[in-house]
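As recorded in TrEMBL, the features of this protein are as follows:
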- 473-506: domain 'PGG' (DOMAIN)
- 115-137: repeat 'ANK' (REPEAT)
- 177-209: repeat 'ANK' (REPEAT)
- 244-276: repeat 'ANK' (REPEAT)
- 278-300: repeat 'ANK' (REPEAT)
- 313-335: repeat 'ANK' (REPEAT)
Amino acid sequence: MDRTTWTDQTPSASVQVVEQEAAATDVPILMGMDLDVFNAAKEGKIDVLRGHDPQHLNQILTPTRNTVLHVYIAYASTPKLVKPKEEAPIKPTSVVVVEDILQICPTLLWQQNESGETALDMAAKHGLAEIVELLIQTAKARRCEDLEHGAAAFSLSSSSEEEAAYWNIYIRTLSKEKDTALHEAVRFKHLDVVEILIREDPDFSYPPNVAGETPLYLAAERRYKALFSEILRTCKHPTYQGPIGRTALHAAVIYGDEEMTKEILNKKKDLAIVTDEKGWSPLHYAAFHSRASIVRQLLEADKCSAYMGDEADKKTALHIAASKGHVNVMKQLISYCPDCCEVVDQRRRNALHYALEKSQPRIIDFVLMDTWLSNVLLNAKDVDGNTPLHLLNALLYTERPFIGDDRVDKMAFNKENMNVLDVIEANDYLISLKHALKRNGAVSGHRILRENDHDGQKLIKENKGGEDTELDKNIRESHLIVATLVATVTFTAGVTMPGGYYQSDASGEMP
């Protein structure tokens with residue numbers, strides 16, 4: 001059972017009772033730090049702390065195993081509010097108090113709380129730069145035999161640390177979450193502490209914590225540019241890794257930071273083709289978020305990423321840009337890698353398939369105006385034999401030059417022997433689109449017979465073996481959407497009160 005060890009060598013009667021109860025129930029009993037000791041630690045009253053046995057001071061703990069040094073550092077970070085014209089009581093500086101506490105009980109330097117935090121971690125978290133400096137200098141001054149006191153209280157993260165200096169090992173101590181003091185300093189944006197820690201140990205790579213975060217990734221993701229630049233500039237071997245397979249470059253791109261992107265690519269441009277767990281490279285994210293200038297930076301670093309497909313569907317950055325309607329990104333991709341438009345996804349769909357399916361008119365117009373893109377994309381068929389025109393999203397359709405373009409094959413048949421007009425005619429509510437297609441040269445394919453044919457011959461289902469294709473499912477879903485919209489409008493018209501809806505006033509009350 002873990003419990004605080006007091007300075008008295010003989011346990012009091014109350015402590016004996018607690019121990020007996022714990023032994024009987026086998027339930028751990030938490031005992032907090034003595035109030036006098038806690039208040040003395042909180043206020044930095046060294047004389048009170050000296051009144052306790054120095055050999056046992058490191059055993060006086062809070063329920064989460066914070067020592068008197070942890071307690072003092074936590075309170076030292078709290079801003080002291082002084083009323084106007086009222087003089088604050090003269091107190092020793094924080095550095096002096098910490099120094100005195102360590103003189104009383106040197107082993108507190110290494111001691112970790114329940115979360116694995118040392119005094120250095122806590123000082124770094126709260127931005128107490130002077131205390132951070134003192135703790136490191138104290139570690140430097142310790143003789144090697146002091147390492148025995150801390151041997152069970154810290155973890156080494158690499159075999160090379162056997163050669164590290166004593167204070168290096170102290171700086172590299174890991175918490176239970178595998179955080180270092182530098183993780184904490186970055187997380188809470190303390191540049192002065194970051195500068196001290198890296199200056200004292202520039203050779204350490206700072207591996208990822210349990211969450212997969214490195215200090216550099218944290219700085220990039222949180223857009224702490226000064227901290228990011230400091231780590232990248234002064235740390236000799238920074239680790240770029242982040243969670244879910246991402247790197248610091250992914251983070252810089254996602255948040256649209258051109259400066260951080262440039263700094264990383266100047267240091268390690270091969271990160272441009274590193275993919276995360278989804279198979280997305282930084283270029284995929286730049287395309288998704290419409291970061292055209294960053295797309296240019298990434299392509300200048302390595303054009304290979306323009307041809308890389310993701311894990312799920314083998315989508316490239318061009319597919320993503322087309323589906324999102326990001327013409328500016330698409331222009332950059334085509335200007336650097338004009339043949340990347342030939343890369344298809346796992347269903348053999350190209351960028352124009354995506355644009356038609358998502359009804360992105362700006363992408364469609366851009367393709368029509370580019371001779372090379374038109375040649376490659378206009379009539380290409382996917383794995384089901386569908387051209388981009390087959391995938392035209394009729395519900396979102398507006399009159400565009402696409403249907404009227406002579407280069408578009410309006411009579412192209414898919415593997416189900418259906419051309420685009422066959423698909424449209426199966427939907428009675430798409431009359432305007434049907435007329436538009438007919439005006440531009442499309443006619444029914446007549447390779448299969450529909451249920452409503454007047455001669456009453458075989459059904460479409462019989463020709464297809466009774467199985468629904470993906471196209472059939474999409475058509476049926478479109479029917480359902482339109483039917484729902486019509487029903488909703490009809491119902492709303494029937495119940496809406498004259499004058500429209502009431503709106504709440506500023507107070508939130510109904511009139």
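Cβ coordinates are placed from backbone N, Cα and C, and glycine is handled just like the others.
Between the repeat 'ANK' (313-335) and the stretches 115-137, 177-209, 278-300, the greatest number of Cβ pairs separated by less than 8 Å involves 278-300. Taken together, the residues in the domain 'PGG' (473-506) have a mean pLDDT of 41 on the 0 to 100 scale. Residues of the same chain lying 6 or more positions beyond the ends of the repeat 'ANK' (278-300) and with a Cβ under 8 Å from any Cβ of it are 244-245, 247, 249-250, 252-254, 256, 258, 261-262, 265, 271-272, 306, 308-312, 315-318, 320-321, 324, 326, 328-329, 331-333, 336-337.
Helix, strand and coil counts under DSSP for the repeat 'ANK' (115-137) come to 16 helix, 0 strand, 7 coil. With DSSP classes pooled into helix, strand and coil, the tally for the repeat 'ANK' (313-335) is 17 helix, 0 strand, 6 coil.
Each residue of the repeat 'ANK' (278-300) gets a DSSP state, and the totals for helix, strand and coil are 16 helix, 0 strand, 7 coil.
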